[in-house]
Amino acid sequence: IGAGVSGLLGFATVASADEAEHGLECPSYPWPHAGILSSYDHASIRRGHQVYQQVCASCHSMSLVSYRDLVGVAYTEEEVKAMAAEIEVEDGPNDEGEMFTRPGKLSDRFPQPYPNEAAARFANGGAYPPDLSLITKARHNGQNYVFALLTAYRDPPAGVSIREGLHYNPYFPGGAIAMPKMLNDGAVEYEDGVPATEAQMGKDVVSFLTWAAEPEMEERKLMGFKWIFVLSLALLQAAYYRRLRWSVLKSRKLVLDVVN
């Protein structure tokens, strides 16, 4: 019995050490766009973009997303043009060979919060905030991981010490993350009046980040459904010809009548 208890304790210790090193396994959440024929919740994408703008964009870039990508997905073209015009973009050179600034336009990418990586690390105590353009594809179990990470901040358990400047999060590898808790109830005021709870903001920003990483998902699913339909018709046609046309030829027998 003693050996069995020791073995269980040893296994528990190894499991705890592995969780501390790699982070807890994320639970699975019922994302509305995860079904085979499901599409994005575009109202959630719009709210998620609002969360990104007001909460995340001060530290995290989305260098692969342009303003025009939002047209028809979460905003009208006029809304996106007005949004892009609020930023200043360095352009040029002009006819005199000098750089100049201009209002943003639809073709511009989302602005960078820092001019370079060194500036980003200096502003964040040595930590480098990752680009969020593909974050839900760049992390294992991406959507579930990002949601769990954003909503799982808590006080460290007894016996666990966190270095100053870091914050305890059981889903982050090592359990200590430089990013503080950012989603607090009421942190943003949604335009559509939906209550901005921590869980709601986490769901919405993950929906937005998932769309940013896979903007073609709806088109891909629709194309897959069309191909399945066409191939099903082709299969039925092939089965018909095999059963009623080819089988006659296949079963036909030739008789050789030899005349003496």
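Note that Cβ sites are derived from N, Cα and C of the backbone, with glycine treated the same way.
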Pick the one from Met179, Met217, Met223 that Swiss-Prot also lists for the heme c site with Cys56, Cys59, His60.
Met179
Non-local Cβ contacts of His60 (heme c binding site) (under 8 Å, 6 or more apart, same chain)?
Tyr52, Pro113, Pro129, Pro130, Asp131, Leu132
Site diameter for heme c, Å, by largest Cα distance between Cys56, Cys59, His60, Met179:
11
